Ligand code: SF4
């Protein structure tokens with residue numbers, strides 16, 4: 001995996017302040033919203049402004065309870081499938097992407113669509129198409145049942161095999177071991193993915209690498225930041241939802257990197273006071289679909305519990321932003 005991406009400035013050597021006995025918080029940076037989530041949430045907000053409610057959204061626009069509830073209050077209706085959307089209505093596809101079959105279903109029902117798929121997920125879809133066209137067997141490392149994986153695999157189901165667990169590696173069969181490539185979901189643990197790749201390569205030494213990293217800059221950066229501070233932390237609290245892959249990975253990465261304990265919470269009121277027993281340093285971070293207001297709420301809660309000193313641990317400064325979906329840009333121009 002590469003260590004830097006366009007639009008990201010490495011922060012240089014990271015200086016993690018050492019504990020001096022006082023209760024304190026180490027706050028990871030980068031954390032929270034990534035460019036793909038920001039774009040998807042704004043796409044739904046703009047759709048509500050431009051067309052008025054209701055705006056249908058297939059699946060959760062991003063995996064965050066607070067974001068979904070807030071948009072629901074403003075008139076978004078979340079559905080599981082396009083078949084639940086009335087003929088001819090407007091539907092937004094989520095940041096996780098959809099398969100060509102979903103696009104076809106929407107066209108059949110005359111739905112107006114806004115595609116908020118993150119451009120970095122679209123990039124992986126394009127890779128699947130390119131390698132399927134060249135008749136490769138594609139080993140897609142990802143979590144079974146995750147929406148992103150369903151959309152990506154759906155680009156060329158006859159060429160793609162999903163590899164989730166170590167056991168899956170043994171089950172893979174390929175037609176020509178010299179024409180095999182691995183690709184991945186964008187929100188995995190970088191370290192675990194490379195373990196899976198090594199296992200696959202033991203079986204298929206000719207396994208080709210993706211043309212560029214599929215695990216996105218935001219996932220990687222949030223893991224690097226939490227790793228930098230984890231060993232200093234008695235407890236790491238990750239703000240994020242249970243169905244958010246990248247948020248769950250942050251808990252795992254924190255524990256592996258030396259945090260004594262780590263928990264995932266959607267809201268500060270979910271923090272159990274018992275977690276703070278004997279804790280001097282609390283690490284705080286948030287997943288890529290988490291608005292900063294939820295982190296601020298947590299810091300206020302910690303402040304009330306005696307953790308008032310906050311030191312930010314910065315491992316990169318992100319400057320990435322994506323243009324809004326073309327359907328929104330066109331509608332705004334026509335206003
Ligand atoms: S986590 Fe990465 S792939 Fe997912 S929306 Fe954010 S930038 Fe895009």
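Quick reminder: no glycine exception, Cβ is built from N, Cα and C everywhere.
In TrEMBL, annotation is done automatically, which means it is predicted and not curated.
Taken from TrEMBL as is:
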type	residues	note
ACT_SITE	148	active site, proton donor
BINDING	34, 118, 216	[4Fe-4S] cluster binding site
BINDING	63, 96, 146, 244, 245, 246, 289	isopentenyl diphosphate binding site
BINDING	63, 96, 146, 244, 245, 246, 289	dimethylallyl diphosphate binding site
BINDING	63, 96, 146, 186, 244, 245, 246, 289	(2E)-4-hydroxy-3-methylbut-2-enyl diphosphate binding site
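Mapped onto this structure are the features recorded in TrEMBL.
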residue: 63; record: isopentenyl diphosphate binding site; Cβ neighbours (10 Å): 29
residue: 96; record: isopentenyl diphosphate binding site; Cβ neighbours (10 Å): 28
residue: 118; record: [4Fe-4S] cluster binding site; Cβ neighbours (10 Å): 26
residue: 146; record: isopentenyl diphosphate binding site; Cβ neighbours (10 Å): 19
residue: 148; record: active site, proton donor; Cβ neighbours (10 Å): 24
residue: 186; record: (2E)-4-hydroxy-3-methylbut-2-enyl diphosphate binding site; Cβ neighbours (10 Å): 29
residue: 216; record: [4Fe-4S] cluster binding site; Cβ neighbours (10 Å): 25
residue: 244; record: isopentenyl diphosphate binding site; Cβ neighbours (10 Å): 26
residue: 246; record: isopentenyl diphosphate binding site; Cβ neighbours (10 Å): 28
residue: 289; record: isopentenyl diphosphate binding site; Cβ neighbours (10 Å): 32
Env. residues of (2E)-4-hydroxy-3-methylbut-2-enyl diphosphate site, Cβ within 8 Å of mean position of 63, 96, 146, 186, 244, 245, 246, 289 Cβ:
62, 148, 187, 243, 247, 287, 288
Contacting binding-site residues, sequence order - 118, 186, 216, 244, 289 vs ligand 1, Cβ under 6 Å:
118, 186, 216
If I take the alpha carbons of residue 146 (isopentenyl diphosphate binding site) and residue 186 ((2E)-4-hydroxy-3-methylbut-2-enyl diphosphate binding site), what is the distance between them in whole Å?
11
Lowest local Cβ density among 34, 245, which the record lists as binding-site residues, within 10 Å:
245
Where residue 245 (isopentenyl diphosphate binding site) falls in three-state DSSP terms:
helix
Whole-number Å distance between the CA of residue 246 (isopentenyl diphosphate binding site) and the CA of residue 186 ((2E)-4-hydroxy-3-methylbut-2-enyl diphosphate binding site)?
9
From 34, 63, 96, 186, 244, 289, the binding-site residues whose CA lies within 10 Å of that of residue 148 (active site, proton donor):
96, 186
Residues near the [4Fe-4S] cluster site, 34, 118, 216 excluded, by Cβ within 8 Å of the Cβ center?
35, 36, 37, 95, 120, 121, 186, 187, 217, 218, 219, 288
Residue 96 (isopentenyl diphosphate binding site) and residue 118 ([4Fe-4S] cluster binding site), Cα-Cα, nearest whole angstrom:
7
List which of the binding-site residues 63, 96, 186, 244 have their Cα within 10 Å of the Cα of residue 216 ([4Fe-4S] cluster binding site), in sequence order.
186
C-alpha spacing of residue 186 ((2E)-4-hydroxy-3-methylbut-2-enyl diphosphate binding site) relative to residue 96 (isopentenyl diphosphate binding site), in angstrom:
9
Just to verify a number: CA distance, residue 63 (isopentenyl diphosphate binding site) to residue 34 ([4Fe-4S] cluster binding site), in angstrom, no decimals.
12
Starting from the Cα of residue 34 ([4Fe-4S] cluster binding site), work out which of the binding-site residues (186, 244, 245) are within 10 Å.
none
